[in-house]
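Copied over from Swiss-Prot:
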ACT_SITE  CYS175  active site, thioimidate intermediate
BINDING   204-227  NADP(+) binding site
Amino acid sequence: MENVFDYEDIQLIPAKCIVKSRSECDTSVQFGGRTFKLPVVPANMQTIIDEKLAVSLAENGYFYVMHRFEPETRIDFIKDMKARGLFSSISVGVKDEEYAFIEELTRENLTPEYITIDIAHGHSNAVINMIQHIKKHLPDSFVIAGNVGTPEAVRELENAGADATKVGIGPGKVCITKIKTGFGTGGWQLAALRWCAKAASKPIIADGGIRTHGDIAKSVRFGATMVMIGSLFAGHEESPGATIEKDGKLYKEYFGSASEYQKGEKKNVEGKKMYVEHKGAIMDTLTEMEQDLQSSISYAGGNKLDAIRNVDYVIVKNSIFNGDQY
């Protein structure tokens with residue numbers, strides 16, 4: 001690893017503008033045989049996504065990944081999405097009952113368009129075996145596997161049959177893996193993404209560490225096809241987290257997938273809970289993300305997302321906020 005850096009250490013360098021208005025810029029992305037409005041997906045976490053929001057995102061042309069923390073609801077969810085004429089995108093773990101679940105889908109003739117195998121340390125035989133199991137029983141499902149943080153892991157999961165890999169170990173705002181274990185991509189997530197993307201032959205999802213909309217453009221520059229985001233999507237009207245009022249202000253809870261709130265027990269805890277200010281409607285945030293990304297594309301000197309992949313950059317080592325708490 002030569003240069004190690006994170007999002008706030010990088011500035012992208014503008015190229016000559018070719019559009020009259022940023023509204024001419026197209027932020028859409030192809031992923032798994034579908035076109036989505038943005039290269040952005042809300043994290044598959046219990047306080048970020050639920051069935052209702054999944055329907056809304058799919059209806060409006062956005063990608064989503066349903067979480068895996070209410071496993072018994074997944075079959076009905078897939079049936080419901082199919083009945084609505086929408087794509088289904090679910091998450092699975094690697095425990096024995098998940099193998100049985102995949103076989104049950106085959107028996108019921110249900111093929112989710114997307115299946116995300118989602119565990120904290122995705123470079124493992126457990127994930128490789130699950131990829132192969134899904135590919136055997138549901139060959140038409142697009143399999144996303146993760147999470148990983150090295151080129152070796154990306155290559156191995158791709159070779160096992162993964163259609164995309166998810167990169168990021170512990171950079172999230174409610175993830176404390178970096179503190180509890182000493183491992184992960186926290187603090188150098190963007191460099192890890194770049195390192196992994198160079199090894200990849202299939203799409204990569206950058207997962208975690210996004211704090212501003214500009215970080216989406218930076219992720220695209222360093223090889224992400226999709227960018228998974230938790231904290232920026234937490235706290236919306238549609239977010240599943242509980243709402244509380246404090247000093248006349250509204251907040252919503254947001255917790256990590258390996259937190260005790262998630263697990264219902266204090267065992268191998270690598271996540272925490274926080275309260276985020278209530279942010280209004282999620283579609284407004286998605287619109288703002290789109291507008292900001294359109295601006296990014298115009299600064300990149302193009303009118304499509306791919307223009308961002310070709311710009312130069314500088315490493316500024318944490319100075320872009322000049323010590324401001326952004």
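Placement of Cβ uses the backbone N, Cα and C atoms for every residue, glycine included.
Source: prediction; values computed, not measured.
A map of Swiss-Prot features onto the structure.
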{"residue": "ILE204", "record": "NADP(+) binding site", "contacts (Cβ under 8 Å, 6+ apart)": "VAL154, ALA164, THR165, LYS166, VAL167, LEU193, CYS196, ALA197, GLY223, ALA224, THR225, MET226"}
{"residue": "ASP207", "record": "NADP(+) binding site", "contacts (Cβ under 8 Å, 6+ apart)": "ALA43, GLY146, ASN147, LYS166, VAL167, GLY168, GLY172, VAL227, MET228"}
{"residue": "ILE210", "record": "NADP(+) binding site", "contacts (Cβ under 8 Å, 6+ apart)": "TYR7, ILE216, SER219, VAL227, ILE229, SER231, LEU232"}
{"residue": "HIS213", "record": "NADP(+) binding site", "contacts (Cβ under 8 Å, 6+ apart)": "LEU232, GLU288, MET289, ASP292, LEU293"}
{"residue": "PHE222", "record": "NADP(+) binding site", "contacts (Cβ under 8 Å, 6+ apart)": "LEU190, LEU193, ARG194, ALA197, ALA206"}
SER219 (NADP(+) binding site): tally of other CB atoms within 10 A of its CB: 31
DSSP-derived structure type at THR225 (NADP(+) binding site), helix or strand or else coil: coil
